[in-house]
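To start, the structure under review is shown below, and the notes come after it.
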Amino acid sequence: MATPNERMGIVQMSTAMTMSGTLGYFVLASGQGPFNVVFFRCVFGALALLVYCQAAGLLSRRYFNRASLLMAVAAAAALVMNWVLLFSAYRLASISLSTAVYNFQPFFLMGLGAAFLGERPGLGKVAWSVVAFGGLLLLLDLGSAQATPRQGHLLGLALGLGAGALYAVTAIIIKRLAHVPPHLLALVQAVVGIVMLAPLADFSALPTLPSQWACLVVLGVVHTCLMYILLYSAIQKLATSMLAALSFIYPAVAILVDYAFFGQRLDLAQALGISLILLAVAGVTLNWRPWPRRAGACKA
């Protein structure tokens, strides 16, 4: 039976993942291009996180030396570009499909871990990678006779994969910054995003409707500040297996939002492809065996 602390963690993680699933709606409803959306997300997110970090007493130089600050900035740059690619993918390949390929993150982490940290994935994880790749092929639909009209769709999926790869880079770097409070890292990420994207934002095409500005504020305050606070608080309370299981709320909500607000209907191949990808991600994250144990192995 879960303790009160664990139950609170489950509520926090579930809420954070539900928020993540609604991200695409606010991105598209803002009516802004990817650079503008990410820029204003960083602006409003930085303001909210600054208030939180100040109130929590986290604004201190003791958390950073030169090396750790450079790593934090590098992680922030990768995360900001991850947002730009993902938000671009939403417009080209739909929220549902972009989210599905974005969830390839565990496989990118496996590859980066093998390449730079000497971590060798087991045979089971390699098998799940093959399953995920099969799901990706179904989403790509390379045998379609409508190749030209689907170029935007393919580009969107490629951007979603690129976003997932950049997120994996961010995660690898942040592993080396365990001594830095995560909320302070989030503030650094938002500030770096402002500096990076200020020259790229199109200030001649700002929102004209209050509802569009409201979407940008929500992306900064809710999807950046509040979501980070809930997520990191849940991480402190729950076992990794529970965190991994609850993380699948994110793609499920994203698919429902895409259907409810944008009428995105998945064909059979797309539904099967998404199912295979999410099954493979679950297999890797929760350490499922892709095949049953042999009777002889059980007796040993």
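Including glycine, each Cβ sits where the backbone N, Cα and C put it.
Annotated in TrEMBL:
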DOMAIN    9-140  domain 'EamA'
DOMAIN    155-285  domain 'EamA'
TRANSMEM  9-28  transmembrane segment
TRANSMEM  34-55  transmembrane segment
TRANSMEM  67-90  transmembrane segment
TRANSMEM  102-119  transmembrane segment
TRANSMEM  126-147  transmembrane segment
TRANSMEM  153-174  transmembrane segment
TRANSMEM  186-205  transmembrane segment
TRANSMEM  211-231  transmembrane segment
TRANSMEM  243-262  transmembrane segment
TRANSMEM  268-286  transmembrane segment
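Spatially, the transmembrane segment (268-286) is not adjacent to the transmembrane segment (67-90); fewer than three Cβ-Cβ distances between them are under 8 Å for residues at least 6 apart in sequence. Using a cut-off of 8 Å between Cβ atoms, the transmembrane segment (211-231) and the transmembrane segment (67-90) share fewer than three residue pairs, counting only pairs 6 or more apart in sequence. Of the ranges 9-28, 67-90, 153-174, 186-205, 243-262, the one with the most Cβ pairs under 8 Å to the transmembrane segment (34-55) is 186-205. DSSP places the residues of the domain 'EamA' (155-285) in helix, strand and coil in these numbers: 106 helix, 0 strand, 25 coil. Sequence-distant residue pairs (6 or more apart) of the transmembrane segment (243-262) and the transmembrane segment (9-28) include at least 3 whose Cβ atoms are under 8 Å, placing the two stretches in contact.
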